[in-house]
Ligand SMILES: Cc1cc2nc3c(=O)[nH]c(=O)nc-3n(C[C@H](O)[C@H](O)[C@H](O)COP(=O)(O)OP(=O)(O)OC[C@H]3O[C@@H](n4cnc5c(N)ncnc54)[C@H](O)[C@@H]3O)c2cc1C
């Protein structure tokens, strides 16, 4: 794997112009202000370079939520962030001169915490562009449908797929409420559930194309209870799940920036934590390069998939060690931004598992062409412009690409996966222990949220609020 001092995103200009490579995010200046505090000074060890009231590892939504809550209680935390930017798996950047999301892109009106935060900072949302035409797996290749026809075809299929989840997730925000009913379903993968239904090949492909996309590989990776919980959180119908299509003004990063501004917390960029040691009521954190920080407590707000890259002393308890070993972030998550020449209709496409592009969604029409978002399947060589061009022509015959950009989150060293989706058995095996502090080491992150876990900033905020409460209880 290539060194990832800069972000591993690629821009590709194809057709008439030579290949253009442009990697790297703008360096985000850390906010001013010291992190030294009276309390931290008392407790700092002589060997440490700096101290803080609390150390937060990771400047994604979870870490920033913790920072804001602790700052509101008069504490002075410090955030250590490995990348040269804040946001983590949220990355608002530009492509073809337009603001785009390289990671997470949408929020939903059902997401109460996100909505509360957006209101708090006066950030408006707008619904994303809807498709004019939809391509879904059919009996003989892809079938073209109107959006109404597609919803009519998919809605009963998904209702059948999730049948029973209204019972085992009777209270979707408290996933363990019906532990008794979960015993039977928690071990099921999405593939297992598909096998339980008597589906015609076309129906199977329509569901499996989405379950495999969300699994970041075959549908055997993701847990039925993972997606079923999202379904119930969204309102329990296919139609209600479609309303997860809101875009915040200023991009997905705007809310995080507003929270960080209110917190006034310093973020130390390019500070990849390599070791965390707790001893005698003090936690020492070492970053790559050897610099050390101490604090009475630390909140680990990194993706679970990178916990294995940090040496914990004492070692992680069983649930955390299992999550670190198995991962929760999905293995394959390659998001592409594509600029197609000329005027094209707003086309949505979803393809059978194994296709080079699993899903393509229309974005804005520009004067010289249309932007599209696509999710590349494991079979796509997204580094190869000819392969991307060929894949797009599957949906838009004769189309030509002006340029594209790709971000492979599975190969990114600070996420080692895309959005989170629990694996079979993880709900009952990991929860609620995974939310518990390990001495003075606490954990946050969308991957380990109770509600909108994994694939949503809502979950990151939820877990950040919970970890902040725990930190306040532990703070001396
Ligand atoms: C392609 C894609 C599409 C998505 N779509 C959506 C969507 O539409 N809507 C939505 O709400 N969510 C979406 N998500 C999920 C969403 O992005 C995440 O759930 C959320 O951003 C996770 O926040 P977090 O704070 O838990 O983790 P992260 O955002 O991953 O933040 C963790 C931080 O820890 C840092 N870090 C890692 N290792 C270290 C280390 N050793 N030392 C210091 N720092 C470290 C990372 O650099 C990162 O900044 C998507 C994600 C992806 C990848």
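Quick reminder: no glycine exception, Cβ is built from N, Cα and C everywhere.
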Residue from 185, 273, 283, 285 that TrEMBL also lists as binding FAD with 81, 82: 273
Arithmetic mean of per-residue pLDDT over the domain 'Amine oxidase' (62-471): 97
Cβ neighbour count (within 10 Å, all chains shown) around residue 81 (FAD binding site): 28
FAD site shell beyond 81, 82, 273, criterion: Cβ within 8 Å of Cβ centroid: 57, 58, 59, 80, 83, 268, 270, 271, 272, 287, 302, 414
Other CB atoms, at most 10 A from the CB of residue 273 (FAD binding site): 23
